[in-house]
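Asks: Quick one: the structure is below, and I'll ask about it shortly.
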Amino acid sequence: MSLDITKYPVLAQADTPDELRQLPQGVLPKLADELRSYLLQSVGISSGHFASGLGTVELTVALHYVYNTPFDRLIWDVGHQAYPHKILTGRRDKMPTIRQKGGIHPFPWREESEYDTFSVGHSGTSISAALAMAVAAEKEQAGRKVVAVIGDGAMTGGMVFEAMNHAGDLHNDMLVVLNDNEMSISENVGALNNHLAQLMSGRLYTTIRENSKKVLKGMPVIKEMAKRTEEHLKGMVVPGTMFEELGFNYIGPIDGHDVDALVETLRNMRNLSGPQILHIMTKKGRGYEPAEKDPIGWHAVPKFDPSTFAKPAAKPANPTFSQVFGRWLCDMAQKDDKVLGITPAMREGSGMVEFSQRFPNQYFDAAIAEQHAVTLAAGFACEGYKPVLAIYSTFLQRGYDQLIHDVALQKLPVIFAIDRGGIVGPDGPTHQGAFDLSYMRAIPNMVIMAPSDENECRQMLYTGYCYNEGPTAIRYPRGSATGEPQVETMTAYEIGKGLIKREGKKIAILNFGTTLASASQAAEALDATLADMRFVKPLDVELVKQLATSHDLLVTVEENAIMGGAGSGVLELLQQLKLPMPVLNIGLPDEFIKHGECGEILAELQLDGPGIEAQIRAYLAD
């Protein structure tokens with residue numbers, strides 16, 4: 001389904017930035033209105049990230065109007081806010097396909113467009129990449145400009161400040177636009193600040209500022225007094241001292257929804273030398289009342305009818321694994337005030353809203369700082385607490401050194417509740433939980449569990465709570481659980497023990513995690529033995545030995561990369577046991593998995609029931 005572009009007469013004239021730059025500046029407010037309306041309608045058709053893009057419409061228009069993209073480099077941090085950028089860079093008609101199998105990518109993606117100068121998906125990467133591009137631009141002497149756009153949420157990550165510290169030291173020409181949509185840094189926005197920003201970015205001010213530095217260079221005492229006076233005067237009206245200390249010239253804050261003010265300020269800043277930061281204030285969900293009132297709820301949305309001002313009612317479904325985790329955490333916190341819940345800024349997604357409200361003194365949001373979150377948990381464990389870190393599989397990668405150095409090395413009893421393990425679907429390769437079993441298996445002292453349903457998930461979390469000899473990881477997928485009736489009684493599993501779910505002949509399927517239902521279909525069709533292994537590490541040695549000595553073929557099934565995954569662990573164990581035999585590893589291939597619906601992807605990868613059966617039959621036929 002496509003949208004009727006005739007309803008957007010100005011937007012129709014701006015399919016690319018080159019066309020946009022041909023428009024008179026006076027029509028830019030109208031263009032912004034049409035762009036916002038088009039975004040609203042297209043996301044209603046496709047689903048996707050929504051509220052962030054509504055807040056960056058005017059900024060996107062102004063950036064492409066002032067800067068000569070793609071020659072000038074524009075890097076978006078994370079990419080949730082980049083839908084307007086996609087619309088203005090030749091992908092307007094494809095927007096209804098975003099995040100769908102075969103459709104355009106959910107984030108800026110280098111393979112998709114020359115305007116996407118850096119592929120993104122995780123937060124905090126833009127300034128590092130922009131700095132490198134700024135250094136390269138100076139080496140080339142081609143007059144290329146570089147801009148990074150980053151949100152105030154991503155500014156909580158340590159990598160951002162590492163990059164800014166380096167940029168301030170190198171002093172290459174670059175602009176960082178701080179899109180502040182939560183009013184977490186400053187509320188000083190209005191006509192005075194807009195005027196001040198244009199004044200401070202103007203040629204007269206910057207010329208006087210730089211010439212004064214040259215004159216005062218030989219008079220250190222007077223120079224220091226002047227510097228302090230300037231900082232004091234600026235500090236009275238702008239919150240930029242921190243950025244100035246990092247070596248950036250700070251401009252702002254200004255209204256990020258005033259496209260004319262943005263254009264004029266960016267024009268001035270385009271010609272400034274050295275690292276610059278422009279602080280803009282925006283409203284997440286701007287222009288659509290429900291999203292303005294509930295920007296978190298409208299951050300990412302399913303398909304909806306914009307005219308109803310409501311998201312579609314959720315279909316009755318089983319609780320999600322995230323909800324199962326959240327309920328378990330509340331149950332445990334009720335019984336034990338030493339239980340602490342930690343999240344790196346994923347409270348809603350990880351199912352921790354109720355916990356944060358009921359147990360505020362036991363809840364810690366570490367912000368978008370995964371390294372800090374892991375070591376925070378380690379510190380709590382040292383003091384006798386029971387820290388539970390709820391973290392997405394793809395984001396735990398960012399705290400890998402801390403997992404090894406600060407947790408596992410010290411055998412600290414931290415519980416890792418790893419959400420979004422396996423295929424996550426529409427968010428694509430930056431968010432698929434494809435590698436956690438592989439990268440955790442290599443770490444000594446780790447206990448790794450993979451539940452097949454919500455009850456096993458609950459019992460495994462409790463097993464982690466009871467285990468004090470080191471860290472435990474419980475890895476579960478995105479989306480609804482299987483619908484098993486909840487078993488209220490919690491019992492810790494014996495570490496490293498699985499169980500046989502079905503007795504068969506010749507073939508034994510060793511399943512790890514929520515692929516159990518699909519593996520069961522294949523086992524029924526093939527009259528195979530089926531084992532629910534439960535533990536990826538340590539493996540159930542006796543069960544593997546028993547299955548290997550009584551079957552002709554072992555098949556491992558997991559929703560993780562085959563390389564280094566649970567199946568690799570089975571092969572390593574068989575080698576140690578000196579039990580050579582045919583083994584078929586079924587899992588994710590050695591490639592980054594593209595976006596699409598989870599069911600579509602699993603079927604394409606032959607990880608559904610028929611696919612597992614087909615892979616086994618093909619192996620036997622060779």
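Yeah, the Cβs are placed from backbone N, Cα and C, and that goes for glycine too.
Quick paste of what Swiss-Prot says about this protein:
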BINDING   His80, Gly121, His122, Ser123, Gly153, Ala154, Asn181, Tyr288, Glu370  thiamine diphosphate binding site
BINDING   Asp152, Asn181  Mg(2+) binding site
Asks: Run through the Cβ atoms and count how many others sit within 10 Å of the one on His80 (thiamine diphosphate binding site).
Replies: 25
Asks: Given the binding-site residues Asp152, Glu370, which one's Cβ is surrounded by the fewest other Cβ atoms within 10 Å?
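Replies: The binding-site residues Asp152, Glu370 were compared, and Asp152 has the fewest Cβ atoms within 10 Å.
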Asks: Counting only residues 6+ away in sequence within the same chain, which have a CB under 8 Å from the CB of Asn181 (thiamine diphosphate binding site)?
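Replies: Ser52, Gly55, Gly151, Asp152, Gly256, Met281, Thr282, Lys283, Lys284, Pro295 - these are the non-local Cβ neighbours of Asn181 (thiamine diphosphate binding site), listed in sequence order.
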Asks: So what sits near His122 (thiamine diphosphate binding site) in its own chain, CB-to-CB under 8 Å and at least six residues off in sequence?
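Replies: Result: Val78, Thr394, Phe395, Arg398, Thr430.
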Asks: Quick one: what's DSSP say for Glu370 (thiamine diphosphate binding site), helix, strand or coil?
Replies: helix
Asks: Report the largest Cα to Cα distance, in Å and rounded to a whole number, among the residues His80, Gly121, His122, Ser123, Gly153, Ala154, Asn181, Tyr288, Glu370 that the record lists as binding thiamine diphosphate.
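Replies: The thiamine diphosphate-binding residues span at most 32 Å between Cα atoms.
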